[in-house]
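Database features, via TrEMBL:
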type     : residues : note
TRANSMEM : 32-49    : transmembrane segment
TRANSMEM : 55-74    : transmembrane segment
TRANSMEM : 94-114   : transmembrane segment
TRANSMEM : 120-143  : transmembrane segment
TRANSMEM : 169-191  : transmembrane segment
TRANSMEM : 228-247  : transmembrane segment
TRANSMEM : 254-271  : transmembrane segment
TRANSMEM : 291-308  : transmembrane segment
Amino acid sequence: MAGSIEWERPFWVERLRAHVQIARLDHSIKNLFVLPGIVVPLSVAPALLTGELLVKLGIAAVSITLVACSNYVINEVLDAPFDRLHPTKCMRPAARGVVHTGAAYVQWLVMMFVGVGLGYAFLGGMFALTALTLWVMGCVYNFPPVRTKDVPYLDVLTESVNNPLRMLLGWYAVTTLIVPPVSLLFSYWMIGCYFMGLKRFSELSEIGLRSVAGSYRASFRYYTGESLLVSVMFYASAAMLFFGAFAVRYRLELILGFPLVALTMAIYFRLSFKKDSSVQHPEKLYREPLLMASFVATVLVLGMLLFVRIPRLEQFFMPTLPVTPGMAASVRPEHSFSWGM
């Protein structure tokens with residue numbers, strides 16, 4: 001009996017550890033994408049920053065983490081047959097057969113219900129609905145017959161929509177009375193596409209042969225390094241176009257932070273060409289000191305610019321061409337954010 005216990009214990013410990021690993025708690029770093037959704041409405045209504053809000057933000061962090069981890073669980077389970085064909089992902093717990101599939105499906109559903117339930121109970125219907133949408137997008141991305149993960153370009157677009165959804169979660173944790181601007185949401189979506197497109201490029205470059213890459217991920221049968229870089233240029237251009245629209249309409253001072261945004265994007269672009277790049281593993285990006293320094297500087301400067309006014313900047317960018325009546329006045333509205341561009 002004692003011998004049996006000694007034999008079984010390591011197996012169940014390993015399986016339990018595997019079920020913790022497939023939740024990818026180390027990917028919680030991506031919850032930083034929630035921050036703009038918190039800071040922007042506070043820049044408009046600083047009075048919202050209270051002790052009660054800090055508690056709500058803590059609950060929001062738990063809720064978002066649970067929903068995101070639920071998506072990671074199903075991703076690991078459904079990707080296991082394909083991960084076994086990948087040179088490094090073959091070592092993932094589900095790919096090695098350590099994970100109990102039935103228990104993983106239960107884990108997937110329980111984490112979703114608890115995450116969305118927490119959001120509904122403490123943060124309201126809009127937050128819960130957005131959290132549920134985040135979970136549904138994970139299903140669209142992973143489950144056949146839709147499984148957008150296998151469709152070129154659509155894989156990037158549907159995965160990156162998690163960016164504006166995360167921003168909305170931060171926003172609705174703060175307030176539902178101020179409506180998020182469309183221009184900011186689209187910019188956030190496109191910058192996510194930029195990051196994801198470079199991740200695909202780095203993965204394809206690392207694997208080398210398209211035939212091998214295509215057996216691991218169906219979308220790689222259609223991608224080339226050139227097509228991915230062209231798409232990345234599109235995403236970067238669109239992201240900055242919408243960022244500019246947001247800045248000009250709501251907070252002109254943000255234009256001063258654009259050089260830092262461009263620098264961070266350029267450093268990230270360069271990283272995608274490195275062998276075994278951290279671009280393929282975003283949870284490891286903190287190991288890139290130059291990128292982290294640029295990123296932190298960008299966040300600090302943009303955050304500061306959200307709370308300052310520089311009247312001379314408005315004079316510098318004052319329209320010099322004829323404009324339609326009312327357009328000049330709409331460049332810097334004094335009212336709260338609306339769904340306008």
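Cβ coordinates are placed from backbone N, Cα and C, and glycine is handled just like the others.
Long-range contacts of the transmembrane segment (254-271) within its own chain (CB-CB distance under 8 A, at least 6 residues past either end) are made by residues 194-195, 198, 232, 236, 240, 243-244, 246-248, 277-279, 288, 290-291, 294-295, 297-298, 301-302, 305-306, 310, 313, 317. Pairs of Cβ atoms less than 8 Å apart link the transmembrane segment (169-191) most often to 55-74, out of 55-74, 94-114, 291-308. Contact between the transmembrane segment (55-74) and the transmembrane segment (120-143) holds: at least three of their C-beta pairs are under 8 Å, each pair 6 or more apart in sequence. Here the transmembrane segment (120-143) has long-range neighbours at 56, 59-60, 63-64, 67-68, 70-71, 74-75, 78-79, 112, 149, 155, 158-159, 161-162, 165-166, 168-169, 172-173, 176, meaning same-chain residues at least 6 beyond its ends whose C-beta is under 8 angstroms from one of its own.
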